[in-house]
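The structure appears right after this line, and notes come after that.
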């Protein structure tokens, strides 16, 4: 700690910070542009000037840039010094000489950092009366709009995009006051994290194009704290709604998880919530009859009465909804909705997390590891936010080298110059090239079984008591030794693996490496990636596979099925699903999307998406997190009967039993889950109860400037209805409630503080800028390792051997296209590649086919015709297929393809 003196006040700060960060952490306001908590200091904008004095007797002082000045002990500064204030105002004024006068039509207006800083400096009159510099804008794809004339040349965009996120197609061109930030030519921004430019940019150069198409100001949107459902990472988001539509998604700061950044799937994949073809009223499918609320409950109860019912849950539904289904059908009749192979691997992952020797790190904690081995995962496609964290972990070497030279880590340019190209080691073993390969020390591409053999070899090299690998070729053995040396040399090694390749041996090999590291007394971690937002929650919750449920229907052991938020055709073979649904006398589906399964239902119940309901998810870290309802859809249309899955299912259960509904609010069902499943007892603490208040007030979902509420339904009726009442949470569907930053709270719908309207307002909610929220980061970890309860896994697979007339399927994942719901969003659909089949160059040459040729083959009894994509990194004997794409069967990992040949045109 250090003592600094600011305008006559003596304050305690972290001496490792710069003055700007230290003062912001104290709640003091200093305007800035180029500095960002995640990017460090470069001193480019000169906006954060303060007056520094030699000591208490110095009356003259000198101007310094606070972002470039360390907060050393006994520093004397003034923020309110008149010369410093005039200097800061002059900086804003000359930045404004070329900035257009377009705030009323700029999408950034109302959450613009430039607006905030201009007001903060007191600049309110333009004296420049001459021609402004202008630029040609670029077309950057479906996610981001480009308006270069608004640029103030703070360099944040390229520092984030190139230096932080590893992008290569955005740069800065030109010189002096005529610089241009963009691509060499028009084209889609290639980075999977490009959407963060909309929050990193302090002006309106890069704006959310998906929001611009249905635009409204930040102060006119209703927000709620939510969790991204796009993968298992558990990123915190703030969805904004107007007129019953989600208009945009902003990053919600969580110092342990996503920090300041999201991936593009999570930011732009919300369009499925707004689709016109969503179920919004209960429907008898055969007669196409829409039902009332009571009619739907009576119909469901009549259909299920005296039936042998099974329930199929879902890893994309909340714990509460899955529990309500289990209560409806009985514990022995509840099935997880996950295919048997994936469920088996999930149980193994859970065993490793619970009984293994090493902890699972948070995403933020991943950045602090100094040697990483990724085994079998293409993380940018399966858990993109973890991939971004790994990009930061390799930069730890630069910080370490800078510390040895007494250079502070926030001096961004100096740290980079010291390190040059030195990085912490990252090793990647995958079936094909990944988007992280550019920062990896070494990569290897091989069949899943061979990757697992490499992992087992690494474990054995770390600790010879681990099972050895027979017949490992010398090249692989040498590679395993290099990985071993790096992991043992590290202070905090990390091994990352997961479920995506459908190979159990990969997870077992990763677990052996973790055990071996613990045996060598390394302070390491293990991170295991799972498929969906609540996959780990379902593994904790229990329930057999979807195939087991279908078998009960096909065999006649059950004659009715209730399916919760699950398209069974994406889980297992279509023929098996067809047979089971045909055998069932009653099929009831509760979902928020039209799917192949809802088309086969007798009764469809409109379930809530994440935007219309509350619930709890468990991320791949084992962190239980609550998402909250953003808006009440019935406010805009009384015919809309969308309800949370747990509400529908509990109401049906109560109707069947002829009793009143017991669970009238979320806290009731959450408490019931916690009591029924002791391992899930911690979900009580995932968020405050509905009774939580600050100064006697509920928490406001809407900014206090929210306008038009009394006119929003005037086209329906001039009589204004009562504001929807939220009995499930501590939030109000109103601007009336607490929305400030002074009182500590974890669940924050939107970031706003007086004078701070942009995303930089998160500074006001943190214990220190870039640290954790003052009230603690949202969520609660449910799983901690027990130590030495896990034995060595012994089943080392045999080497993969390519065959002349048969190919082994490896699943290939795409950030845009492999996840079910985001793929329904129009902007995401523009980024989904055409369905393809991938072969190695060796196999393509042997078959005599070229890139783009149409290949025909049989897979799981289904005939496919797909264009060929030659993959130089794919091994011979392997055939790659994109997961989740149209026409690709479910559960393809490890299947065999035969009869592969060029199809007749």
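Placed from the backbone N, Cα and C atoms, the Cβ positions cover glycine too.
According to Swiss-Prot, the residue from 106, 201 that belongs to the [4Fe-4S] cluster 2 site alongside 151, 154, 157 is 201.
Here Swiss-Prot has 34, 45, 48 binding [2Fe-2S] cluster, and the candidate from 67, 103 in that same listed site is 67.
Broken down by DSSP into helix, strand and coil, the domain '4Fe-4S His(Cys)3-ligated-type' (83-122) contains 26 helix, 0 strand, 14 coil. Helix, strand and coil counts under DSSP for the domain '4Fe-4S Mo/W bis-MGD-type' (221-277) come to 11 helix, 20 strand, 26 coil. DSSP assigns residue 157 ([4Fe-4S] cluster 2 binding site) to a helical segment in the three-state reduction. Within the same chain, residues 29, 31-33, 45-51, 63, 128, 132-133, 145, 147, 149-150, 152, 177, 202-204, 207-208, 211-212, 215, 217-219, 755-760 sit at least 6 positions outside the domain '4Fe-4S His(Cys)3-ligated-type' (83-122) and bring their C-beta atoms closer than 8 Å to a C-beta of that stretch. In this structure, the CA atom of residue 157 ([4Fe-4S] cluster 2 binding site) is 15 Å away from the CA atom of residue 112 ([4Fe-4S] cluster 1 binding site).
Taking the C-alpha positions, the distance from residue 67 ([2Fe-2S] cluster binding site) to residue 228 ([4Fe-4S] cluster 3 binding site) comes to 33 Å. Other than the site residues 151, 154, 157, 201, same-chain residues with C-beta atoms no more than 8 angstroms from the centre of those residues' C-beta atoms, the [4Fe-4S] cluster 2 site, are 152, 153, 155, 156, 181, 200, 202, 203, 205, 206. Residues 99, 103, 106, 112 make up the record's [4Fe-4S] cluster 1 site, and a Cβ search at 8 Å around their centroid adds 100, 102, 108, 109, 114, 115, 150, 203, 204 from the same chain. Residue 106 ([4Fe-4S] cluster 1 binding site): 18 other CB atoms within 10 A of its CB, across all protein chains.
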